[in-house]
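One structure is given here, and the rest of the page talks about it.
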Amino acid sequence: MRGIRSLPCWAPGLSTKRIPPRELFADLFPNACVISARHSARNGLIRQFSGCSGSISNSCNPRPYRSAITSLLSANVCSKGVSAVQPRFLSTVRLFSTSQRSLEPKSNVKSTGGQVVRPELHQDQEHEDIEKGFELSERAAQAAQVNLSAKLAKDGAAGKKAGFKEIWRLLLIARPEAKKLALAFLFLLVSSGITMSIPFSIGKIMDTSTKATTEGGNELFGLSLPMFYGALAGILTLGAAANYGRIIILRIVGERIVARLRSKLFRQTFVQDAEFFDANRVGDLISRLSSDTIIVGKSITQNLSDGLRAAVSGAAGFGLMAYVSLKLSSILALLLPPIGLGAFFYGRAIRNLSRQIQRNLGTLTKIAEERLGNVKTSQSFAGEVLEVRRYNNQVRKIFELGKKESLISATFFSSTGFAGNMTILALLYVGGGMVQSGAITIGELTSFLMYTAYAGSSMFGLSSFYSELMKGVGAASRLFELQDRQPTISPTKGEKVASARGPIRFENVTFSYPTRPAVPIFRDLNFEIPQGTNVAIVGPSGGGKSTIASILLRFYSPTEGRVLIGGKDITHMNAKSLRRKIGIVSQEPVLFSGTIAENIAYGKPQAKRSEIVAAARKANCQFISDFPDGLDTQVGPRGAQLSGGQKQRIAIARALIKDPDILILDEATSALDAESETLVNSALTALLRGNNTTISIAHRLSTIKRSDTIIVLGPDGRVAEQGSYEELSARPDGAFTKLMEWQMSGGEVMDQLANTPANPVAQETSWDLQSDDGTEISEDTNIPSEPRTID
């Protein structure tokens, strides 16, 4: 809040030295004159100008100035009315307002013929203030310093520079399936060899048929024609069987690789720390686990097989073409360099487009996952059209990228196809002349043309193989980045925890969230919780109450200082075994799809049925008996089939079944009705008499009173107060007393200040004024909210 020394910039003639109260306010309100006024009008003005009075009283010696403004407001207004005073005074109110701005327009009044009405005088200024919204505070500047080192790159760690290293690593994924892939490759050689023998056989058949017509021959390769055709049919059948074996082996291997990839990546994702999930969107992770793994699996199985088949067929085709005619082969060789160059640039373009498509598919998955997961909220605000439009906009982006990919593919394949057709035409022209000259036979020309078609098809196959391989490299680079990412807090390293009993001590703990390192949550936080006690942690919203639970669970590590349990630093403990000793019930409980029994047993997977029933009874889950299937009732996704209170009681049972050494209750009864809360609290009270240490993050007075010790967190990230309820309540000026008064008042005082005309949201909590003689001017509770006539 700006102080009284800023006055000279808007009040000419005033200096920063102390000014007598009457002179100061006489300068501020030159049109105020001393005539009698009604008490109600005076109180109306007191409400109107209370924001400034409180601000000035906080910046100066309060009593003289409060007396001065009381004297001025006790007087009547001269014939010019309030409107002559108010504009200048409004600037004073704005001067002393805090950085927080009210979202509601400021209410200004003027007098017209004795009737107070709302003027249009300051509408432009009010509109400008509303458009500005909230002024940024110093904390906002700190929050702007974002650390996203844990965020995965959109194109993977290698980005657009992915090359041979990524290709080799991609192929190594298939190493466990090497034997099956070798068998598939053997089948590939058999089927490709048989396929490539067909053109040669057809050429010989044509030459034999021509010779039989002219010379009467009826044998082929030393076999009669019927025997030759029978043998050829058997060979083709063998080729089909080999092709069948190749396809089915590769499909099975591909599915196995995809399943292994998904399992490994999901496990790697699940062990990441909280910083990782703070920085990455769930939709992008789902996209990597689903579509990216499919692309990679296809790339190293089916696509690899197609590429090898194209390579074998192409090599055999070019070799047999050279055997038939070197002259015709040299003509065909002229086509290879431009096709190879075009295939190279085509593959690069497809790789970049594939990355963009996968990135946008991740965004699309994120939109669908978030919106469908919160569909009731969208429907409650009638936001269906907005969300469908948002989804369609992303679909349109993917469509445009797909259209661009189609255009590039069509251009490449059509141009290479046209070049191939022109080459065939040239071969027919040259080959026809060679047949006429007797250099080659008609059968040899036919075989050569068929080998040309096979070789051309192989070239197309290699181009497709390269483009699909680049897609796989793009997807694999995204998977490798996730696979290589090591969590900052490993859940499996450290000393295993046999027991988490003992005092809990925070020693000089300083902490900021990793994604917002410049915004400190705690500064030299120190407190100790004795073993077996019930401690309530209270404080303002955003003060770090739930952060204490996150640090104890080792979701985050302190920036400075240390946290001890039983005298041992938790950073040296195995996080997974420590979490097994801690039970937590959050304010917004999360249930998983499955039965009630499965959700309760989630805290202890090997729990017996009797243990599940006992935990449910402790948590007052009698509502289970109202379901036809009892404990086997399906709760639906995220517990959608249950009410909020029912979900919370199941969450309490899930924590109790662990019999944890440390129980953290983060507003655990916030969703319960009064009767259920009483029953659950009774159960918790009986439970807490044991050796369990309980930390209650509380706002409700009933929870706070039940605690042995109360720790009050201050806005500066330190402990403001600590003690029992009786001790802290006995301190009238203590932080706990003020916090409780604020909560129990329901915010009425601040609401009154926020609704006061011409008073932006200010920090004052009391605005009683005093007259010159020291008597208080009390608030007139009968003043209506609408402006009244000033007599």
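Note that Cβ sites are derived from N, Cα and C of the backbone, with glycine treated the same way.
What Swiss-Prot says about this one:
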type     : residues                                       : note
CARBOHYD : N147                                           : N-linked glycosylation site
DOMAIN   : 182-471                                        : domain 'ABC transmembrane type-1'
TRANSMEM : 182-202                                        : transmembrane segment
TRANSMEM : 220-240                                        : transmembrane segment
CARBOHYD : N303                                           : N-linked glycosylation site
TRANSMEM : 307-324                                        : transmembrane segment
TRANSMEM : 326-346                                        : transmembrane segment
CARBOHYD : N352                                           : N-linked glycosylation site
CARBOHYD : N421                                           : N-linked glycosylation site
TRANSMEM : 422-442                                        : transmembrane segment
TRANSMEM : 445-465                                        : transmembrane segment
DOMAIN   : 504-741                                        : domain 'ABC transporter'
CARBOHYD : N508                                           : N-linked glycosylation site
BINDING  : G539, P540, S541, G542, G543, G544, K545, S546 : ATP binding site
CARBOHYD : N692                                           : N-linked glycosylation site
REGION   : 754-791                                        : region 'Disordered'
COMPBIAS : 754-769                                        : compositional bias 'Polar residues'
COMPBIAS : 770-779                                        : compositional bias 'Acidic residues'
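This view paints the features noted in Swiss-Prot onto the structure.
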residue: N421; record: N-linked glycosylation site; contacts (Cβ under 8 Å, 6+ apart): none
residue: N508; record: N-linked glycosylation site; contacts (Cβ under 8 Å, 6+ apart): D524, L525, N526, E560, G561, R562
residue: G539; record: ATP binding site; contacts (Cβ under 8 Å, 6+ apart): K545, V712, L713, G714, P715, A720, L739
residue: P540; record: ATP binding site; contacts (Cβ under 8 Å, 6+ apart): L713, P715, L739
residue: S541; record: ATP binding site; contacts (Cβ under 8 Å, 6+ apart): none
residue: G542; record: ATP binding site; contacts (Cβ under 8 Å, 6+ apart): none
residue: G544; record: ATP binding site; contacts (Cβ under 8 Å, 6+ apart): F511, I521, F522, L713, G717
residue: N692; record: N-linked glycosylation site; contacts (Cβ under 8 Å, 6+ apart): G532, D659, P660, D661, I662, L663
For the transmembrane segment (220-240), what are the same-chain contacts with Cβ under 8 Å, counting residues 6+ beyond its ends?
190-191, 194-195, 197-198, 201, 204-205, 208
Between the transmembrane segment (422-442) and the transmembrane segment (326-346), do 3 or more CB pairs sit under 8 angstroms, pairs being 6 or more residues apart?
yes
Given G543 (ATP binding site) and N352 (N-linked glycosylation site), what distance in Å do their CA atoms have, once rounded to a whole number?
46
Site of maximum Cβ density within 10 Å, from recorded positions N303, N352, S546:
N303
Starting from the Cβ of K545 (ATP binding site), draw a 10 Å sphere and report how many other Cβ atoms land inside it.
22
Additional residues surrounding ATP, by Cβ distance to the G539, P540, S541, G542, G543, G544, K545, S546 centre under 8 Å:
T547, L713
Summarise the model's confidence over the domain 'ABC transporter' (504-741) as a mean pLDDT value.
86
Cα of N303 (N-linked glycosylation site) to Cα of N352 (N-linked glycosylation site): how many Å, rounded?
18
Distance [Cα-Cα, Å, rounded] between N352 (N-linked glycosylation site) and S546 (ATP binding site):
43
In the three-state scheme derived from DSSP, which category covers G543 (ATP binding site)?
coil
